[in-house]
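**Student:** Quick one: structure below, then a few questions.
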Amino acid sequence: MSKTISIVIMFSLIFTFFAPAQQGEAAGSPFDDVAGMAWAEESVSSLSQQGIINGYEDGTFRPNNNISRQEAAVMMVRAVLSDEESGFQSDYTDVDTGSFYYEAISAASEYALFNGYPDGTFRPQENITRAESANILVSAFNFTGSETVFSDVNGHWAESDITALLAKGITTGYPDGTYKPGSSITRAEFAVLVDRSLKDEGVSVQREILRLTNEEREAHDLEPLKPHINLQAVADAKAEDMYVNDYFAHQSPEHGSPFDMMKAAGISYSAAAENIARGYHSAETVVGGWMDSYGHRNNILSERYTHLGVGYTSEGARGPYYVQMFIEK
């Protein structure tokens with residue numbers, strides 16, 4: 001396996017104020033059966049605008065229907081992966097290769113958003129539970145944190161996922177102090193959780209950095225970089241590691257080089273590079289700073305790289321910290 005490595009460092013003394021970019025919001029719901037649902041209408045409209053959700057042929061969304069594994073897989077793949085990301089294959093015995101859901105299920109399985117069952121099935125039409133929805137969202141967006149545990153979650157297999165979503169303000173429990181992890185979740189409820197996740201500050205910054213990076217590549221007639229969920233998790237870990245261990249370098253005192261971190265995460269590649277930055281206070285200024293630096297610019301505009309993972313943490317007096325990890329697959 002050949003490896004092309006380009007490592008560069010930048011420092012920033014720019015200080016500005018930043019409000020994270022937010023998706024535009026629809027004036028009303030595109031679905032008749034969601035109109036008037038005050039708690040869900042805005043989220044459903046936002047996801048519909050972004051092409052993440054579609055309704056049924058009769059123009060309904062059927063918000064109160066429980067969401068199935070195959071429906072959730074489609075929604076998550078549209079939310080976190082590129083439109084061009086396809087070609088994954090899976091061999092579940094109960095998912096036909098000609099199914100509308102096949103590619104989404106395959107991609108979701110490739111990135112471990114979903115797992116199959118020991119008997120080789122995916123069980124696409126089974127409903128997902130509230131616990132499973134928390135696990136899916138934490139896997140996709142790398143959320144961390146903990147809050148007071150619900151009375152019925154202590155010791156549950158998804159406890160850390162549920163408490164991470166609670167800490168982020170993405171999910172809530174019931175008035176009696178329970179979470180009901182084994183209960184099914186409706187299409188509207190899952191849409192609200194996905195929308196809140198996408199509007200999280202860190203996720204918004206990461207999505208904007210990817211968009212601006214690809215905007216620069218498009219201006220130079222280059223193919224866009226595709227988001228890579230597992231690589232983003234490594235980039236997030238690197239940003240957090242720099243904050244926690246108070247350093248600013250490509251070599252982590254605990255985890256080694258960025259390539260060591262990729263290897264430990266099971267990420268394969270034929271070429272890789274990393275950009276890091278700190279002190280910038282918007283996605284626009286950090287990408288602009290990278291583009292004004294020869295080495296960083298070369299990474300962003302390299303024809304070789306196909307995928308990008310973006311790490312970000314706003315914590316620390318010296319932050320925010322930003323990481324771009326590029327790979328060729």
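Even glycines carry a Cβ here, placed using N, Cα and C.
Okay, so TrEMBL annotates it like this:
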- 27-90: domain 'SLH' (DOMAIN)
- 91-144: domain 'SLH' (DOMAIN)
- 145-208: domain 'SLH' (DOMAIN)
- 1-21: signal peptide (SIGNAL)
**Student:** I'd like the per-state residue tally for the domain 'SLH' (91-144) from DSSP, helix first, then strand, then coil.
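**Tutor:** Looking at the domain 'SLH' (91-144) with DSSP, the answer is 21 helix, 2 strand, 31 coil.
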**Student:** Over the domain 'SLH' (145-208), what does the predicted model average in pLDDT?
**Tutor:** 94
